[in-house]
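Participant: Could you have a look at this structure, given as structure tokens, before my questions?
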């Protein structure tokens with residue numbers, strides 16, 4: 001096999017591996033994971049003996065259940081008078097006062113991808129029971145369309161506006177991530193086809209075009225992965241922090257799906273570099289050979 005054909009075959013193999021890894025990353029849901037077990041253990045140690053005896057054997061104490069008997073929303077008054085609009089007032093109005101403490105939020109182990117966010121089963125019996133009884137869904141779809149949130153009474157308008165704007169910016173980041181990954185797959189597939197054609201027709205030209213397509217795929221992947229990292233950071237830093245941020249002892253980070261995407265990026269950049277660099281290397285060798293022959297003559 002000629003050296004040029006060998007380089008084309010190697011770059012085609014790398015591009016096919018990259019395509020497989022990229023498709024695997026897109027259609028799996030393990031891009032980002034959270035594990036609050038260490039956080040719950042520390043909360044249980046700090047809360048030991050604080051719960052009444054009739055709640056110690058419950059899966060979830062009454063104070064942490066999402067549904068509690070409370071007066072209708074219209075009958076509840078803001079603490080401190082009707083004109084008060086500080087965060088403490090609307091938090092207590094919505095029953096969110098217990099979220100101020102780090103142990104007041106019901107946190108569960110989750111994993112998420114581009115399309116869904118799911119709960120891990122077998123880690124927390126609270127969420128396992130809720131899912132088995134049909135009270136909670138194991139997986140929920142990640143939104144790629146903007147839906148107007150419900151306007152709750154007695155919540156400061158500035159806070160509502162901030163939440164809506166953050167949701168809109170996060171939606172744009174998600175769309176950029178998914179859109180550029182889709183374009184990366186399409187361009188990579190075209191590059192594989194062109195690299196295959198190079199075995200039969202205009203090897204030099206088609207190899208160069210395939211290399212350009214591979215490098216373009218790498219650019220799209222880089223934009224998409226950086227945008228995804230930005231969306232995760234943006235989501236964790238949204239306000240109000242008591243709802244969107246995570247306690248410091250909750251383990252969270254990227255998982256194997258996004259590492260598949262990064263490996264795909266590495267393979268495709270290597271394939272594009274081979275296709276682009278080989279013609280220049282071969283020309284340099286030919287020039288050296290010609291100069292050597294001329295010197296001997």
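Placement of Cβ uses the backbone N, Cα and C atoms for every residue, glycine included.
What you are looking at is a predicted structure, and each value in this text was computed from that prediction instead of being measured.
Pulled these features from Swiss-Prot for this protein:
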type	residues	note
SIGNAL	1-25	signal peptide
TOPO_DOM	26-179	topological domain 'Extracellular'
COMPBIAS	41-57	compositional bias 'Basic and acidic residues'
REGION	41-86	region 'Disordered'
COMPBIAS	68-79	compositional bias 'Low complexity'
CARBOHYD	158	N-linked glycosylation site
TRANSMEM	180-200	transmembrane segment
TOPO_DOM	201-208	topological domain 'Cytoplasmic'
TRANSMEM	209-229	transmembrane segment
TOPO_DOM	230-257	topological domain 'Extracellular'
TRANSMEM	258-278	transmembrane segment
TOPO_DOM	279-297	topological domain 'Cytoplasmic'
Participant: Need the DSSP three-state call for the residue listed as 'N-linked glycosylation site' to compare against my parser.
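Facilitator: Note: the residue listed as 'N-linked glycosylation site' is helical by DSSP.
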Participant: Tell me, what is the mean pLDDT of the topological domain 'Cytoplasmic' (279-297)?
Facilitator: 54
